[in-house]
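Participant: Residues or ranges marked as Zn(2+) 2 binding site in TrEMBL: Cys193, Cys198, Cys220, Cys223. Here TrEMBL flags 177-226 as domain 'PHD-type'. Annotated region 'Disordered' per TrEMBL: 109-151, in sequence order. Feature annotation from TrEMBL assigns site 'Histone H3K4me3 binding' to Tyr179, Met190, Asp194, Trp202.
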Amino acid sequence: SLAGIENLPCELQRNFQLMRELDQRTEDKKAEIDSLAAEYIESVKSMLPEERVEHLKKIQSAYSKCKEYSDDKVQLAMQTYEMVDKHIRRLDADLARFEADLKDKLEGSDFETSGSRSLKKGRSQKDKRSSRGRGRRTSEEDTPKKKKLKGGSEFADTILSVHPSDVLDMPVDPNEPTYCLCHQVSYGEMIGCDNPDCPIEWFHFACVDLTTKPKGKWFCPRCVQERKKKK
């Protein structure tokens, strides 16, 4: 994947150069159309019917060329988008494999005995801040338990929790729909609210303090508050 990404700038540059060339061809053809139209208007009265038809055919042919260049440019833009998207998907897959390998390596580690207390303290403070930021009060009863490794290590949780925030820093496609309390695009694992009238519907695990799907029905923080008000 890294080797492919190294070639990506060159491929993008080539495609953008082709798009610029298509733009220039379109502009040249538009200038030709303007010239043909001005010539037709100036001498239409003195033209024979056959000459008028021939001249109009030239203008129509020029317009067809313009459309052809524009269609080529659209296709090229789509190919460029697909090319970048393909690399993003490959990186996501590589990252998932890296996380799985990291979990395997940390399974039998003794990090919990050596540094568990300091990590727990740091995570508890972080959880309090994130709880306030999301406007949701959490307790041991209503918060799904954090998913741990077989060895009980929270060190892996600390490292692997970096991924969602990295995704949030990525530029967002304005045409891609957004979800969740954070109003970001879909990424990673997501959970759907079981309230059919939920205005948001889908939420990132990290934003609703989940690391694994809870059993039974699940309602988002907003819908939970609404249900409490109705009671």
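Glycine too: its Cβ is placed from the backbone N, Cα and C atoms.
Fair warning: this is a prediction, and the values are worked out from it, not measured in the lab.
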Participant: Tell me, what is the mean pLDDT of the domain 'PHD-type' (177-226)?
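Facilitator: It averages 88.
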Participant: Would you find the one among the recorded positions Met190, Cys193, Cys198, Cys220 whose Cβ has the most company, meaning other Cβ atoms within 10 Å?
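Facilitator: The residue with the most neighbouring Cβ atoms within 10 Å is Cys220.
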Participant: Looking only at Tyr179, Trp202, which of these recorded sites has the biggest number of Cβ atoms within 10 Å around its Cβ?
Facilitator: Tyr179
Participant: Around Asp194 (site 'Histone H3K4me3 binding'), how many other C-beta atoms are within 10 angstroms of its C-beta?
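Facilitator: There are 12 of them.
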Participant: As a quick check of your reading of DSSP, tell me how many residues in the domain 'PHD-type' (177-226) are helical, how many are strand and how many are coil.
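Facilitator: Reading the DSSP string over the domain 'PHD-type' (177-226) gives 9 helix, 10 strand, 31 coil.
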Participant: Quick check for the class: what is the C-alpha distance, in angstrom and rounded, between Cys198 (Zn(2+) 2 binding site) and Tyr179 (site 'Histone H3K4me3 binding')?
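Facilitator: Distance between the two Cα atoms comes out at 12 Å.
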Participant: Which of these recorded sites is closest to Cys223 (Zn(2+) 2 binding site) if you go by CA atoms: Tyr179, Met190, Asp194, Trp202?
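Facilitator: Of the recorded sites Tyr179, Met190, Asp194, Trp202, Asp194 has its Cα closest to that of Cys223 (Zn(2+) 2 binding site).
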